[in-house]
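Q: Please read through the structure below; I'll follow up with questions.
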Amino acid sequence: MIRLRYLRFWWDILRTTHARAPVLTGVNLVIEIVALLAGVGMALALRAIANGATAGDTPEALGGAVWAACAATAALVTTRLRDLIGNFLVVDKIGPGWLADRITYEVAAIEGIEHMERGDYLDRIGLLRTSSWELVAGAWTAVRTIFSALRLAVVLSLLGEVSPWLLMLFALAAVPIWCDARARGQLNRAQISTAEQFRLQRHLFELATDVAAAKEIRVSGATDQLLEHQERAWHAVVHERFQARMRSFAWRLLGWSVFTMVFTAALAIVMVQAAEDRSTVGDVVMVITLAASLQPTIQAAVGQLTGTMSAGLHIEPYLWLRDYAAADRARGHGRLQPPQVLRDGIEFKGVSYTYPGTLRPALDDVSILLPAGSVVAIVGEFGSGKSTLIKLLGKFYQPDGGRILVDGTDLADLDTEAWRARTSAAYQDFGRYPHLTFGEAVGLGDLAHLTSPSHVADAIAAADADGIAESLPAGLDTRLGRAFGGVDLSEGQWQKTALARASMRYAPLLFVLDEPTASLDAPSEHAIFTRYMERARHLAAHSGAITVIVSHRFSTLAGADLILVLDKGALIEHGSHRQLLKAPGRYAELYGMQTAAYTSD
Ligand SMILES: Nc1ncnc2c1ncn2[C@@H]1O[C@H](COP(=O)(O)OP(=O)(O)OP(=O)(O)O)[C@@H](O)[C@H]1O
């Protein structure tokens, strides 16, 4: 279904295309107009030639020949130019150029990250990653549909001029269009019902060719099983889609057969008229010429209409993103500036959060004060809510119960950009940025000092990453990652790079280290924790900064001022290492288990 909002979207795209490439847009429209005139002009020119020749009227016949030559040339040129200018220049320029930028902006400018983590939203974002070209091409397909309809109307009115009987072809054009819609319905339904198997097949293929799973698959000898699964999934997809294709072929055949039969009958009427001298030979030639062009014209119109009707597949996710981003902006984010220096700290007051689509709260009624200048460690088993707490501190999600206060001001009322500018963080799922050099990948942590050698050097030293810079062939200027011809790093080196990036800001109010040493060896881990404890004290003295460390390794956390123990989203214990060890609780139990494991080693 074509909806009003699709028309508005296409109108927006065409206006933007015109604003960004006025000449190309103009040329593109001229091509469509010339193509329309050339098709009709050819039929009229041939009529003139035939009438001129049979009536011995040489000027008419010659004039017709010149027009026919012009129309043939115009048709040839416009066909070639339509591909070049319409598809390559106009659509490429606006689609992967302007619109892709706009999609990236909308995705990146949304305050939270729910749209990047929630399954159903992620599907739409995933589709948008590759659909900017189709979105713009869809607008031009809609334009071509209008031109095709115009061409059809002109052709039919010329036929009607010869014989009103031929006008019934106009109504008859609905038959192949209707049959085509049925055929499309068959294909769409098959596409949807096999989507899961199709995704499974793609997933298994990626799994089999992905380096991350390569070792496990080889060691477990799971290749054959994987192939068998993949083959089964693909067979199910192919079988159902093939059946749907056959059914859709039958519908299309039916539509065109009915059309061709009635068209042949109409043509016979014109022949009879000509035999009875009620039509000229030129009329017959024109009707045959138009007849020849009618089927491709209707077929093109049907094809374009089909493309236009199924444009929703790409437009819906885009309009959803636009609305989602607009709603996010309209929600009105905080305007208050964060304090220069933290005096009291960050207080959680009955904070709860449940991820959309889930039933159990990931954080459940958490109340605690993280004092200014303190080092706070968060521990707990997998899935206990540690990362969720960190995400709420970064304003990636808003609590759905309770409040987080920064020196008494609700975090929700703080300007998000300003708050994030006073936050430094190394997350466990850190980014890798293969388009950057090592120096830039570190400097990214504080854009204002991206190219400051002293800032970058300090950050690298803080993360104990000097060794990486020294080992790289071009030092700081070495491009990272193999994706773009750079040097690949080990997992630990990537993590140290992320840590260095998080160390770029000199005066954050909040410094988050989420599993900062998960990929590091024991000596590196020890060195880094010692450094970051020192850094935490330095930042605390400077700006009252709070350092929050999430870790599963209890031995590294003894120096923290406050340890929070989470269990299934609830804060079950808190206190210093000593206090918690004295109390016979979860922390003491987990700490005992870890120490025993290391000692027995
Ligand atoms: N994006 C999400 N959507 C839905 N549920 C989520 C999402 N992220 C986390 N959860 C769920 O919320 C709960 C808390 O997850 P969280 O990642 O905060 O735990 P964690 O303590 O950091 O775990 P880990 O130690 O494994 O990193 C878990 O039950 C998890 O399955």
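A Cβ is built for glycine as well, from the same backbone N, Cα and C atoms used for every other residue.
Keep in mind that TrEMBL annotations are predicted by a computer and have not been checked by a curator.
Dumping what TrEMBL says about this protein:
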{"type": "DOMAIN", "residues": "346-593", "note": "domain 'ABC transporter'"}
{"type": "TRANSMEM", "residues": "21-49", "note": "transmembrane segment"}
{"type": "TRANSMEM", "residues": "61-79", "note": "transmembrane segment"}
{"type": "TRANSMEM", "residues": "135-156", "note": "transmembrane segment"}
{"type": "TRANSMEM", "residues": "162-179", "note": "transmembrane segment"}
{"type": "TRANSMEM", "residues": "249-272", "note": "transmembrane segment"}
Q: Are the transmembrane segment (135-156) and the transmembrane segment (21-49) close enough that 3 or more Cβ pairs fall under 8 Å, when only pairs 6 or more apart in sequence count?
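A: Touching, yes - the transmembrane segment (21-49) and the transmembrane segment (135-156) meet the threshold of 3 or more Cβ pairs under 8 Å.
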Q: Which stretch, 61-79, 135-156, 162-179, tops the Cβ pairs under 8 Å count with the transmembrane segment (249-272)?
A: 162-179
Q: Using a Cβ cut-off of under 8 Å, list the residues of the same chain at least 6 residues beyond the transmembrane segment (135-156) that approach it.
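A: That would be 7, 9-10, 13-14, 17, 28-29, 32-33, 35-36, 39-40, 43, 86-87, 90-91, 94-95, 99, 166-167, 169-170, 173, 290, 293-294, 297-298, 300-301, 304-305, 307-308, 311, 314-315, 318.
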Q: Can you tell me the mean pLDDT for the domain 'ABC transporter' (346-593)?
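A: Reported value for the domain 'ABC transporter' (346-593) is a mean pLDDT of 89.
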